[in-house]
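Engineer: This is the structure I have questions about; it appears just below.
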Amino acid sequence: MRTLRRLKFMSSPSLSDLGKREPGAAGADERGTQQRRACANATWNSIHNGVIAVFQRKGLPDQELFILNEGVRQLLKTELGSFFTEYLQNQLLTKGMVILRDKIRFYEGQKLLDSLAETWDFFFSDVLPTLQAIFYPVQGKEPSVRQLALLHFRNTITLSVKLEDALARSHACVPPAIAQMLLVLQGVHESRGVTEDYLRLETLIQKVVSPYLGTYGLYSNEGPCTHSCILEKRFLRRSRSGDILAKNPVVRSKSYNTPLLNPVAEHEAEGTASGGTSIRRHSVSEMTSCPEPQGFVDTPDQGPSGTFRSSPSPHSGPCPSRLYPPAHSPEQGPDHGSPPTSSPETLVDQILESVDSDSEGIFIDFGRGSRSSVSDFEAAGGRPSVV
């Protein structure tokens, strides 16, 4: 029993002992906290000085980028890491942009355009990559360091100088860097969506880029167009041809109930006088075609061999729905006074116009074979099938 009581009193310290130990422990914790804060402040100061030196065109010494990276990593692990974004915006970026703006703040006209273009080149080529390298451990958080830097450049420099007045001058020469700056800045959005500052930026872009598709429609030199994009007239050969192509013509018959070709009827022709051979013929009734212009068309001529002879067909008028020009007829030569060959563009226009003017439909004429080809085929003793 005495042993148990002794162990009990030894294991549980008295209140007086707790009171004696508390001031020493609290003091040690406080000293540790102060040391950590002092170290964090020193790290903040080194990062601040390094970033400001970049904006002042002083650059970073050797191995300084590695030291700043390690400092950012250490800060993110402390309780100050949660305030990193606020500190970056309110302290580092704001001071840096003011340094860049003060050099061009009171410029106007062409001098402002040239100075702003040079400032943008320096910021976009040197400052922005260096900031992304220094704060590389912060990647993955939104908004990113790149977005924050570009937004501060837009609000502190681009929208605060007299850029709109400089662009409105009649003989203003806009450097390419100005157009690049505006287009890069218009690709950065805030979490709140479209803001008043973003709309002000779009008004500047309209003076440099035309046509420009903005938040509220398409803008061009002629004025705003709130509908879809418009193709320039020079890209359309002719409006009439475009309308014809848009109609999408198809091959159709005179009536939707009557097909273009009636069913084919087969019959055996009687044997010829020479060899008694029979030829299978296919007859087509009510096939619509166009008359040949001063040409030759195949017409049936019942002979002893059951073949078709070529005979001239009288000209009964032009056919508007022909799919080939009459000037290229094989029977017409240069002595017949035919017009010269048209250009491909004019030829296509004539075909499209004839297609559009034909209310009955498009009919294809296959009867353009020449007399010599038929005669040679008969002499070869072939077995033609006639349609």
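Quick reminder: no glycine exception, Cβ is built from N, Cα and C everywhere.
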Engineer: Region 'Interaction with RICTOR' per Swiss-Prot sits at which of 127-157, 189-219?
Structural biologist: 189-219
Engineer: Would you report the average pLDDT that the model assigns to the region 'Interaction with RICTOR' (10-96)?
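Structural biologist: The predicted confidence over the region 'Interaction with RICTOR' (10-96), as a mean pLDDT, is 77.
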